[in-house]
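Student: Pasting a structure here, questions to come.
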Amino acid sequence: MEVLTPAMMTKCDQETIEAGYPEILLMESAALGTAKLADEVIKEAMIYKKRDKIEITILVGKGNNGGDGLAAARILKNWGYKPKIILSSSRDELKGVNKKNLELAVLNKIKIYQFPDLKKEKFLAEINNSDLIIDALLGTGITGELRGNIKKIINLISQEAYDHVLTLAVDIPSGIIGKTGNTAGEALKADYTATMAAYKRGLILYPGRDYSGEVQVIDIGIQKETIEKYGDGLKIFNQQEAKKLIPYRKNYGHKGDFGKIAVLAGSRGMTGAPLLTTKSALKSGSGLVYLLISEEIEALTSSQLEELVGIPLPSQKGIIAEKAFEKIKQFSKKVDLLAVGPGLGSNTAVQKIIKNILEQLNIPLVLDADALNVINDLKLLKNYQGELILTPHPGEMSRLIGLNISEINNNRLEIARDFAKENNLSLVLKGAATITAASDGRTYINSSGCNGMATAGSGDVLTGIVSSLKAQGMNSFEAAALAVYVHGRAGEYAAAVESNYALTAGNIIDNLAAVWNELT
Ligand SMILES: NC(=O)C1=CN([C@@H]2O[C@H](COP(=O)(O)OP(=O)(O)OC[C@H]3O[C@@H](n4cnc5c(N)ncnc54)[C@H](OP(=O)(O)O)[C@@H]3O)[C@@H](O)[C@H]2O)[C@@H](O)CC1
Ligand SMILES: [K+]
């Protein structure tokens, strides 16, 4: 499903209106979708009152977001509810379709307050007595920091209302910037968001994602082709996408048909990481997984996992030695993919080996952790002869491109997309709302995951899943995006039992089976 910026959304609106679809009809569809979601939300919240006793407060700004709210008030009144409107401004400041919808609300005898006329106590009492708030103060037309009455309203509700009242945002929570997900100083937290025509970036980038609650996309009559035309290839990766992509397994396959993987990982003191990667690959459908590892710890790691085939490599002080490359090169001919990095160490021998791999091999490569830490020349990536998938966290990305972590976090989307394009590879930029970018500009933002997954070894598990899916024949970008989703979903399952506090990387692996079952 497409994710747009406000500017892209405006172009879609404009083209649709110019094609002859009246603006007021778009607004009516937006309002109908909002009212339907409000009706569902009220049912779900089990408010045991007759409809005409259910207090719905609709906060209305001067722009079209407010217009959506005004029209929704009329529809809800028609369905027997008791909506009331609080305008952020005086009535005469509304123009065009918004003025029209205000007149219709008056005609339908809906109670209308003007915020400037309300005493603070009265306003707070209205909010506190509400069963549902519909937030139609600000949508995609927000500019700059919050100001004026809208700032006062949002501050009062956020800071002085008794408790959180069930809230449904129209299009986007007011105060969230649609392009970035940042707040304009403050924002109204929603439990649900009815968003028009397509996701807005601000609903899935943090912190906006935390303000948006459950998001429902409302079809307001804008054609899918229009949305695709003005979008920039950014999509949200959810269960629907996952189900479409999951690799088919034929009933008469043998273990070689499901991908042979070699994992080059581990060093003295780092025996957990290679095990997490190999185990998660085996738990993601791979037929055969080899672990290429320092001879010093090979017996130890191999004894931990029955299904694993351990291949000892020459080493020095527990880290693979430069001369290990010949064996890696020979071995790479036997497999479909090489996954490199978890717990490998990062001395000059490792650096030389990674350089040699990138210069001399041509099989699909997944590079993570220490494999990324030793790359000091991006040309090595760009010139690699095979397919490449990189899975850095913001710290590794920072090292790779020489920006600091906060610069990366403030511009995750563009940075991931540009890097993947410039270096002709698939990139997974990890972190909350992981981004997967393809060399051709397609980009996914992941929808699954939870904060408990920020734990040691979580990335090693992801490397195993990505490698497994790629070796099963998927294209690199889709394998990476599906792996990120599956990893996040397994984390959600794990957290449901373990809590986000107690979740460990091993729990993610333990819950992979539940995700594969859910998707097939
Ligand atoms: N286009 C369409 O066809 C359709 C659009 N749709 C809907 O329209 C929404 C977009 O509507 P929009 O463009 O009118 O902007 P909107 O979000 O209401 O905000 C503008 C108002 O906010 C004010 N304001 C701005 N920044 C502020 C701040 N920081 N702090 C305080 N105030 C601030 C600004 O005031 P001003 O700067 O003029 O004083 C102005 O009054 C979109 O989200 C969707 O819900 C749907 O109906 C489908 C059809
Ligand atoms: K809103």
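From the backbone N, Cα and C atoms, a Cβ is placed for every residue, glycine too.
The shown structure was predicted, so the numbers you read here are calculated from the model rather than taken from an experiment.
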Student: Asn65, Ser174 bind K(+) in TrEMBL, but which of Asp92, Asp131, Asp135, Asp210 does that record place at the same site?
Tutor: Asp135
Student: Please identify which of Gly402, Gly452, Gly457, Gly459 is recorded by TrEMBL as part of the AMP site containing Lys430, Gly431, Ala432, Ala433, Thr434.
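Tutor: Of Gly402, Gly452, Gly457, Gly459, Gly459 joins Lys430, Gly431, Ala432, Ala433, Thr434 in the AMP site that TrEMBL records.
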Student: Which one, from the binding-site residues Asn64, Asn65, Thr140, Thr143, Thr434, has the smallest tally of other C-beta atoms lying within 10 Å of its C-beta?
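Tutor: Taking Asn64, Asn65, Thr140, Thr143, Thr434 as the binding-site residues, the minimal 10 Å Cβ count falls on Thr143.
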Student: Find the one among the binding-site residues Asn64, Thr140, Thr143 whose C-alpha lies closest to that of Lys430 (AMP binding site).
Tutor: Thr140
Student: Between Asn64 ((6S)-NADPHX binding site) and Ala432 (AMP binding site), what C-alpha distance do you get in Å?
Tutor: 32
Student: Beyond the listed site residues Lys430, Gly431, Ala432, Ala433, Thr434, Gly459, identify every same-chain residue whose Cβ lies within 8 Å of the center of their Cβ atoms for the AMP site.
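Tutor: What remains near the Cβ centre is His393, Pro394, Leu429, Ile435, Asn446, Gly449.
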Student: What is the separation, in Å, between the Cα atoms of Asn65 (K(+) binding site) and Thr434 (AMP binding site)?
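Tutor: About 30 Å separate the Cα atoms of these two residues.
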Student: Determine which residues of this chain, when Asn65, Asp135, Ser174 are set aside, have a Cβ within 8 Å of the centroid of the K(+) site's Cβ atoms, and list them as they appear in the sequence.
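Tutor: My list of surrounding residues reads Leu59, Gly61, Gly66, Gly69, Ala136, Leu137, Leu138, Gly139, Ala169, Val170, Asp171, Ile172, Pro173, Gly175, Leu188.
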Student: Expressed to the nearest Å, what is the distance separating Ala432 (AMP binding site) and Thr140 ((6S)-NADPHX binding site) at their Cα atoms?
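Tutor: A Cα-Cα distance of 23 Å.
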